[in-house]
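A.B. asks: As listed in TrEMBL for this protein:
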BINDING   Asn17, Gln49, Asn69, Gly79, Asn80, Asn164, Asn197, Glu215, Arg216, Gly225, Ser226  substrate binding site
ACT_SITE  Cys78  active site
ACT_SITE  Cys78  active site, proton donor
ACT_SITE  Cys224  active site, proton acceptor
REGION    287-324  region 'Disordered'
Amino acid sequence: MAALENRPFVKMNGLGNEIVVLDLRDAPLAVPPEEARALARPDVLPFDQIMALYPPQSEGTRAFVRIINNDGSESGACGNGTRCIALYEAGRTGTDHMVFESVAGPLACSIAPEGITVDMGVPRFGWHDIPLAGPVMDTRAIELQAGPAESPVLRAPAVVNVGNPHAIFWVEDVEAIDLARLGPELEHHPIFPERANISLARVVSPEHIVLKVWERGVGLTRACGSAACATAVAAARLGLTGRRVTVTLPGGDLVIDWRESDDHILMTGPAEFEFDGRLTATMLGGAELPATRPGGAELPGTRPGGAELPATRPGGAELPSGAA
Ligand SMILES: N[C@@H](CCC[C@H](N)C(=O)O)C(=O)O
(Lines of atoms letter the chains of each structure in order from A and count residues from 1; the text may use other names and numbers.)
(Lines give C-alpha, C1' and ligand atoms only; values in the text may rest on other atoms or scores of the structure.)
Protein backbone atom coordinates (compact mmCIF):
# COMPACT_ATOMS: atom_id res chain seq x y z
CA MET A 1 0.00 0.00 0.00
CA ALA A 2 1.27 3.49 -0.83
CA ALA A 3 2.20 5.45 2.30
CA LEU A 4 0.11 8.48 1.32
CA GLU A 5 -2.92 6.51 0.12
CA ASN A 6 -6.21 7.99 1.26
CA ARG A 7 -4.58 11.17 2.63
CA PRO A 8 -6.46 14.40 1.85
CA PHE A 9 -4.76 16.96 -0.37
CA VAL A 10 -5.48 20.55 -1.34
CA LYS A 11 -4.35 21.83 -4.73
CA MET A 12 -3.42 25.52 -4.69
CA ASN A 13 -1.17 27.87 -6.63
CA GLY A 14 0.92 30.92 -5.86
CA LEU A 15 1.21 33.02 -9.05
CA GLY A 16 0.86 29.81 -11.06
CA ASN A 17 3.55 27.97 -9.05
CA GLU A 18 1.70 24.64 -8.65
CA ILE A 19 1.40 23.64 -5.00
CA VAL A 20 -0.09 20.58 -3.29
CA VAL A 21 -0.75 20.99 0.42
CA LEU A 22 -0.63 17.77 2.46
CA ASP A 23 -1.76 18.34 6.01
CA LEU A 24 -0.10 15.49 7.89
CA ARG A 25 -0.41 17.00 11.37
CA ASP A 26 -2.90 14.37 12.55
CA ALA A 27 -0.88 11.35 11.43
CA PRO A 28 2.64 12.42 10.41
CA LEU A 29 4.61 10.41 7.92
CA ALA A 30 7.44 11.24 5.50
CA VAL A 31 6.56 11.84 1.86
CA PRO A 32 8.26 9.03 -0.09
CA PRO A 33 10.12 10.58 -3.06
CA GLU A 34 8.82 7.90 -5.43
CA GLU A 35 5.22 8.71 -4.46
CA ALA A 36 5.87 12.43 -5.01
CA ARG A 37 7.27 11.67 -8.48
CA ALA A 38 4.32 9.43 -9.34
CA LEU A 39 1.81 12.06 -8.21
CA ALA A 40 3.52 14.74 -10.34
CA ARG A 41 2.91 12.85 -13.61
CA PRO A 42 1.21 15.12 -16.18
CA ASP A 43 -2.01 13.09 -16.23
CA VAL A 44 -2.28 12.79 -12.46
CA LEU A 45 -1.66 15.87 -10.32
CA PRO A 46 1.19 17.88 -11.86
CA PHE A 47 2.74 20.11 -9.21
CA ASP A 48 5.94 22.00 -8.59
CA GLN A 49 6.09 21.55 -4.79
CA ILE A 50 4.34 19.61 -2.06
CA MET A 51 4.03 21.59 1.18
CA ALA A 52 3.77 18.86 3.83
CA LEU A 53 2.54 20.09 7.23
CA TYR A 54 3.71 18.34 10.42
CA PRO A 55 2.99 19.04 14.10
CA PRO A 56 4.63 22.26 15.31
CA GLN A 57 7.85 21.95 17.27
CA SER A 58 7.73 25.36 18.99
CA GLU A 59 5.00 27.07 20.92
CA GLY A 60 3.01 29.63 18.96
CA THR A 61 3.67 28.10 15.54
CA ARG A 62 1.03 26.41 13.37
CA ALA A 63 3.02 23.62 11.76
CA PHE A 64 6.46 22.46 10.72
CA VAL A 65 6.57 22.51 6.92
CA ARG A 66 8.69 20.31 4.68
CA ILE A 67 8.96 21.25 1.01
CA ILE A 68 9.19 18.50 -1.62
CA ASN A 69 10.02 19.23 -5.28
CA ASN A 70 8.36 17.19 -8.01
CA ASP A 71 11.55 15.16 -8.51
CA GLY A 72 11.20 13.98 -4.87
CA SER A 73 14.06 16.15 -3.53
CA GLU A 74 13.60 18.45 -0.55
CA SER A 75 14.12 22.21 -0.37
CA GLY A 76 14.56 24.59 2.55
CA ALA A 77 12.36 27.35 1.14
CA CYS A 78 9.37 27.93 -1.10
CA GLY A 79 7.95 31.44 -1.08
CA ASN A 80 4.88 30.79 -3.22
CA GLY A 81 4.09 27.59 -1.33
CA THR A 82 4.33 29.43 1.98
CA ARG A 83 1.69 31.94 0.87
CA CYS A 84 -0.47 28.95 -0.09
CA ILE A 85 -0.21 27.31 3.34
CA ALA A 86 -0.93 30.66 4.98
CA LEU A 87 -4.16 30.92 2.96
CA TYR A 88 -4.97 27.27 3.71
CA GLU A 89 -4.47 27.80 7.46
CA ALA A 90 -6.48 31.03 7.37
CA GLY A 91 -9.37 29.12 5.79
CA ARG A 92 -9.14 26.40 8.41
CA THR A 93 -8.79 28.57 11.49
CA GLY A 94 -9.90 32.09 10.59
CA THR A 95 -6.59 33.58 11.71
CA ASP A 96 -4.80 36.07 9.46
CA HIS A 97 -1.43 36.12 11.27
CA MET A 98 0.53 32.93 11.78
CA VAL A 99 4.03 31.48 11.97
CA PHE A 100 5.20 28.23 10.36
CA GLU A 101 8.51 26.53 11.05
CA SER A 102 10.81 25.17 8.36
CA VAL A 103 14.29 23.68 8.19
CA ALA A 104 15.50 27.19 7.28
CA GLY A 105 13.79 28.92 10.24
CA PRO A 106 10.47 30.55 11.14
CA LEU A 107 8.13 31.89 8.45
CA ALA A 108 5.82 34.61 9.76
CA CYS A 109 2.83 35.21 7.48
CA SER A 110 0.08 37.81 7.42
CA ILE A 111 -2.95 38.11 5.19
CA ALA A 112 -4.24 41.51 4.10
CA PRO A 113 -6.40 42.79 1.24
CA GLU A 114 -3.28 43.71 -0.78
CA GLY A 115 -1.85 40.20 -0.54
CA ILE A 116 -0.20 37.60 1.66
CA THR A 117 3.10 38.68 3.16
CA VAL A 118 5.74 36.17 4.25
CA ASP A 119 8.85 37.08 6.23
CA MET A 120 11.41 34.94 4.39
CA GLY A 121 14.17 35.68 6.90
CA VAL A 122 17.67 37.05 6.39
CA PRO A 123 19.60 36.20 3.19
CA ARG A 124 23.06 34.61 3.39
CA PHE A 125 25.95 35.44 1.08
CA GLY A 126 28.98 33.44 2.26
CA TRP A 127 30.28 30.89 -0.27
CA HIS A 128 29.80 28.09 2.26
CA ASP A 129 26.22 29.30 2.93
CA ILE A 130 25.12 29.10 -0.71
CA PRO A 131 26.81 26.55 -0.81
CA LEU A 132 29.58 26.75 -3.44
CA ALA A 133 32.16 24.04 -4.00
CA GLY A 134 35.09 26.23 -2.95
CA PRO A 135 36.04 29.63 -1.50
CA VAL A 136 34.75 32.71 -3.34
CA MET A 137 35.32 36.11 -1.76
CA ASP A 138 32.66 38.13 -3.57
CA THR A 139 29.37 36.34 -4.20
CA ARG A 140 27.87 39.39 -5.93
CA ALA A 141 29.42 38.07 -9.19
CA ILE A 142 31.04 34.65 -9.34
CA GLU A 143 33.12 33.07 -12.07
CA LEU A 144 30.62 30.94 -13.93
CA GLN A 145 29.42 31.04 -17.51
CA ALA A 146 27.15 29.12 -19.84
CA GLY A 147 27.17 28.64 -23.59
CA PRO A 148 30.20 28.46 -25.91
CA ALA A 149 33.48 29.20 -24.04
CA GLU A 150 34.53 31.85 -26.60
CA SER A 151 31.16 33.69 -26.51
CA PRO A 152 29.21 32.79 -23.36
CA VAL A 153 25.54 33.71 -23.37
CA LEU A 154 25.41 33.94 -19.58
CA ARG A 155 28.16 34.95 -17.19
CA ALA A 156 29.04 36.14 -13.68
CA PRO A 157 25.88 35.40 -11.71
CA ALA A 158 25.19 36.67 -8.23
CA VAL A 159 24.55 33.88 -5.72
CA VAL A 160 22.34 34.10 -2.63
CA ASN A 161 20.86 31.65 -0.13
CA VAL A 162 17.37 32.51 1.13
CA GLY A 163 16.82 29.07 2.70
CA ASN A 164 17.68 27.53 -0.67
CA PRO A 165 20.45 28.26 -3.18
CA HIS A 166 19.99 30.72 -6.06
CA ALA A 167 22.17 31.94 -8.94
CA ILE A 168 21.00 35.06 -10.79
CA PHE A 169 22.26 36.04 -14.24
CA TRP A 170 21.64 39.65 -15.37
CA VAL A 171 20.36 39.83 -18.95
CA GLU A 172 18.88 42.30 -21.43
CA ASP A 173 15.95 40.08 -22.39
CA VAL A 174 14.85 37.05 -20.34
CA GLU A 175 13.03 35.58 -23.36
CA ALA A 176 16.06 35.73 -25.66
CA ILE A 177 17.88 32.97 -23.76
CA ASP A 178 16.91 29.31 -23.88
CA LEU A 179 16.65 28.67 -20.15
CA ALA A 180 15.04 25.26 -20.73
CA ARG A 181 18.33 24.23 -22.41
CA LEU A 182 20.84 25.99 -20.15
CA GLY A 183 18.94 25.52 -16.88
CA PRO A 184 19.70 21.82 -16.31
CA GLU A 185 23.42 22.29 -17.04
CA LEU A 186 23.67 25.22 -14.60
CA GLU A 187 21.48 23.61 -11.92
CA HIS A 188 23.84 20.62 -11.88
CA HIS A 189 27.11 22.56 -12.33
CA PRO A 190 29.84 21.19 -10.02
CA ILE A 191 30.24 24.66 -8.46
CA PHE A 192 26.88 24.00 -6.75
CA PRO A 193 27.28 20.90 -4.53
CA GLU A 194 23.58 21.05 -3.59
CA ARG A 195 22.51 22.17 -7.08
CA ALA A 196 20.88 25.61 -7.47
CA ASN A 197 17.83 27.46 -8.69
CA ILE A 198 18.82 29.40 -11.82
CA SER A 199 17.30 32.79 -12.68
CA LEU A 200 17.50 35.22 -15.59
CA ALA A 201 16.80 38.77 -14.44
CA ARG A 202 16.29 42.00 -16.35
CA VAL A 203 16.49 45.16 -14.29
CA VAL A 204 13.88 47.44 -15.81
CA SER A 205 14.26 50.27 -13.28
CA PRO A 206 15.42 50.72 -9.67
CA GLU A 207 11.93 49.54 -8.63
CA HIS A 208 11.21 46.80 -11.18
CA ILE A 209 12.77 43.49 -12.23
CA VAL A 210 11.54 40.93 -14.80
CA LEU A 211 12.44 37.36 -13.89
CA LYS A 212 12.38 33.87 -15.36
CA VAL A 213 13.35 30.86 -13.26
CA TRP A 214 14.62 27.34 -13.76
CA GLU A 215 13.81 25.72 -10.42
CA ARG A 216 16.08 23.11 -8.90
CA GLY A 217 14.31 19.75 -8.85
CA VAL A 218 11.46 21.01 -11.03
CA GLY A 219 12.37 22.93 -14.21
CA LEU A 220 10.75 26.05 -15.66
CA THR A 221 7.92 27.34 -13.49
CA ARG A 222 5.47 30.21 -13.78
CA ALA A 223 6.83 31.78 -10.61
CA CYS A 224 9.37 31.18 -7.84
CA GLY A 225 8.99 33.27 -4.70
CA SER A 226 12.37 32.49 -3.21
CA ALA A 227 14.04 33.37 -6.55
CA ALA A 228 12.22 36.72 -6.53
CA CYS A 229 13.58 37.35 -2.99
CA ALA A 230 17.11 36.25 -3.90
CA THR A 231 17.08 38.38 -7.05
CA ALA A 232 15.80 41.50 -5.30
CA VAL A 233 18.50 41.18 -2.65
CA ALA A 234 21.22 40.51 -5.23
CA ALA A 235 20.15 43.54 -7.30
CA ALA A 236 20.12 45.82 -4.25
CA ARG A 237 23.57 44.56 -3.20
CA LEU A 238 24.90 45.51 -6.62
CA GLY A 239 23.23 48.94 -6.50
CA LEU A 240 21.03 48.04 -9.49
CA THR A 241 17.82 48.68 -7.54
CA GLY A 242 16.59 49.95 -4.20
CA ARG A 243 15.56 47.60 -1.41
CA ARG A 244 11.89 47.51 -2.43
CA VAL A 245 11.04 46.19 -5.90
CA THR A 246 8.25 44.64 -7.91
CA VAL A 247 9.37 41.38 -9.50
CA THR A 248 7.41 40.34 -12.59
CA LEU A 249 7.37 36.60 -13.29
CA PRO A 250 5.45 34.74 -16.04
CA GLY A 251 2.68 34.13 -13.48
CA GLY A 252 2.45 37.72 -12.23
CA ASP A 253 3.98 40.18 -9.77
CA LEU A 254 5.51 39.89 -6.30
CA VAL A 255 6.54 42.85 -4.15
CA ILE A 256 9.82 42.26 -2.34
CA ASP A 257 10.97 44.49 0.48
CA TRP A 258 14.46 43.85 1.89
CA ARG A 259 13.78 45.60 5.20
CA GLU A 260 16.54 47.99 6.16
CA SER A 261 16.07 47.73 9.94
CA ASP A 262 16.85 44.01 10.27
CA ASP A 263 17.65 42.70 6.76
CA HIS A 264 14.60 40.44 6.71
CA ILE A 265 13.02 39.87 3.29
CA LEU A 266 9.26 40.46 3.07
CA MET A 267 7.52 38.93 0.08
CA THR A 268 3.94 39.94 -0.79
CA GLY A 269 1.73 38.29 -3.40
CA PRO A 270 -1.36 36.20 -4.01
CA ALA A 271 -2.31 32.56 -3.48
CA GLU A 272 -5.33 30.65 -4.74
CA PHE A 273 -7.27 27.60 -3.70
CA GLU A 274 -8.14 25.32 -6.66
CA PHE A 275 -9.68 22.04 -5.46
CA ASP A 276 -9.19 19.27 -2.95
CA GLY A 277 -9.49 15.51 -2.85
CA ARG A 278 -7.97 12.31 -1.51
CA LEU A 279 -4.88 10.53 -2.82
CA THR A 280 -5.49 7.08 -4.29
CA ALA A 281 -3.08 4.18 -4.82
CA THR A 282 -3.21 4.74 -8.59
CA MET A 283 -2.31 8.43 -8.23
CA LEU A 284 0.66 7.42 -6.10
CA GLY A 285 2.05 5.04 -8.70
CA GLY A 286 0.31 1.74 -8.00
CA ALA A 287 2.63 -1.12 -8.85
CA GLU A 288 4.91 0.80 -11.19
CA LEU A 289 6.32 4.27 -10.77
CA PRO A 290 7.13 5.98 -14.08
CA ALA A 291 9.54 8.90 -14.19
CA THR A 292 8.38 12.45 -13.56
CA ARG A 293 7.86 15.11 -16.24
CA PRO A 294 10.70 15.04 -18.75
CA GLY A 295 13.14 17.80 -17.87
CA GLY A 296 10.32 19.84 -16.38
CA ALA A 297 10.58 22.07 -19.41
CA GLU A 298 6.86 22.59 -19.91
CA LEU A 299 4.80 24.88 -17.77
CA PRO A 300 2.22 22.79 -15.98
CA GLY A 301 -1.47 23.53 -16.37
CA THR A 302 -3.55 24.51 -13.39
CA ARG A 303 -5.89 21.55 -13.51
CA PRO A 304 -4.96 17.93 -14.20
CA GLY A 305 -7.00 15.99 -16.68
CA GLY A 306 -6.67 12.80 -14.62
CA ALA A 307 -10.05 11.07 -14.75
CA GLU A 308 -9.60 9.40 -11.38
CA LEU A 309 -8.76 12.57 -9.53
CA PRO A 310 -11.32 12.63 -6.74
CA ALA A 311 -11.65 16.40 -6.60
CA THR A 312 -14.47 17.36 -4.29
CA ARG A 313 -14.89 20.95 -5.39
CA PRO A 314 -14.34 22.75 -8.67
CA GLY A 315 -11.62 25.38 -8.80
CA GLY A 316 -12.83 28.48 -7.08
CA ALA A 317 -11.81 31.39 -4.98
CA GLU A 318 -13.16 30.07 -1.71
CA LEU A 319 -10.85 29.05 1.10
CA PRO A 320 -10.41 25.39 2.03
CA SER A 321 -12.43 24.55 5.08
CA GLY A 322 -10.10 22.07 6.71
CA ALA A 323 -8.82 19.18 4.70
CA ALA A 324 -6.82 17.78 7.58
N1 LIG B 1 8.78 27.46 -5.95
C2 LIG B 1 9.54 27.83 -4.85
C3 LIG B 1 10.93 27.31 -4.71
C4 LIG B 1 10.92 25.81 -4.48
C5 LIG B 1 12.17 25.14 -4.10
C6 LIG B 1 13.23 25.04 -5.16
N7 LIG B 1 12.81 24.33 -6.32
C8 LIG B 1 14.47 24.40 -4.55
O9 LIG B 1 14.73 23.20 -4.73
O10 LIG B 1 15.17 25.12 -3.85
C11 LIG B 1 9.37 29.24 -4.40
O12 LIG B 1 8.30 29.79 -4.66
O13 LIG B 1 10.23 29.76 -3.69
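Each Cβ is built from the backbone N, Cα and C atoms, and glycine gets one as well.
Nobody curates TrEMBL annotations by hand; they come from automatic prediction.
What you see is a predicted model, and the numbers here were worked out from it, not measured in a lab.
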A.B. asks: Across all the protein chains here, work out how many other Cβ atoms are within 10 Å of the Cβ of Asn17 (substrate binding site).
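C.D. replies: Neighbour count, Cβ to Cβ under the 10 Å cut-off: 29.
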A.B. asks: I need the CA-to-CA distance for Asn17 (substrate binding site) versus Cys78 (active site), whole Å please.
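C.D. replies: That comes out at 10 Å between the alpha carbons.
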A.B. asks: Would you list, in sequence order, the recorded positions among Asn69, Cys78, Asn80, Asn197 whose CA lies within 10 Å of the CA of the residue listed as 'active site, proton acceptor'?
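C.D. replies: Those near the residue listed as 'active site, proton acceptor' - Cα within 10 Å - are Cys78, Asn80, Asn197, in sequence order.
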A.B. asks: Which residue among the binding-site residues Asn197, Ser226 has the fewest other Cβ atoms within 10 Å of its Cβ, if you could check?
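C.D. replies: Asn197, out of the binding-site residues Asn197, Ser226, has the fewest neighbouring Cβ atoms within 10 Å.
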A.B. asks: Pick from Cys78, Cys224: which of these active-site residues has the biggest number of other Cβ atoms within 10 Å of its Cβ?
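C.D. replies: That would be Cys224, with the most Cβ atoms nearby.
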A.B. asks: On a C-alpha basis, identify the one among Asn69, Asn197, Arg216, Ser226 that is nearest to Cys78 (active site); the candidates are the binding-site residues.
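C.D. replies: For Cys78 (active site), the spatially nearest of the binding-site residues is Ser226.
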A.B. asks: Among the binding-site residues Asn69, Asn80, which residue has its Cβ surrounded by the fewest other Cβ atoms within 10 Å?
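C.D. replies: If we count Cβ atoms within 10 Å for the binding-site residues Asn69, Asn80, the smallest count is at Asn69.
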A.B. asks: Neighbour count, 10 Å Cβ-Cβ cut-off, for Arg216 (substrate binding site): what number do you get?
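C.D. replies: Taking every protein chain into account, the count is 26.
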A.B. asks: Compute the centroid of the Cβ atoms of Asn17, Gln49, Asn69, Gly79, Asn80, Asn164, Asn197, Glu215, Arg216, Gly225, Ser226, then list the same-chain residues not in that set whose Cβ lies within 8 Å of it, in sequence order, for the substrate site.
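C.D. replies: Surrounding the site, in chain order, are Asp48, Ile67, Ser75, Ala77, Cys78, Gly81, Val213, Val218, Thr221, Cys224, Ala227.
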A.B. asks: Check Ser226 (substrate binding site) against DSSP and tell me helix, strand or coil, would you?
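C.D. replies: Assignment for Ser226 (substrate binding site) reads helix.
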A.B. asks: Please give the substrate site's span as the largest CA-CA distance among Asn17, Gln49, Asn69, Gly79, Asn80, Asn164, Asn197, Glu215, Arg216, Gly225, Ser226, to the nearest whole angstrom.
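C.D. replies: With Asn17, Gln49, Asn69, Gly79, Asn80, Asn164, Asn197, Glu215, Arg216, Gly225, Ser226 as the binding residues for substrate, the largest Cα distance is 16 Å.
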A.B. asks: So, three-state DSSP: helix, strand or coil for Asn80 (substrate binding site)?
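C.D. replies: In the DSSP reduction, Asn80 (substrate binding site) maps to helix.
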A.B. asks: Quick check: in three-state DSSP terms, what is Asn197 (substrate binding site)?
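C.D. replies: In three-state terms, Asn197 (substrate binding site) counts as strand.
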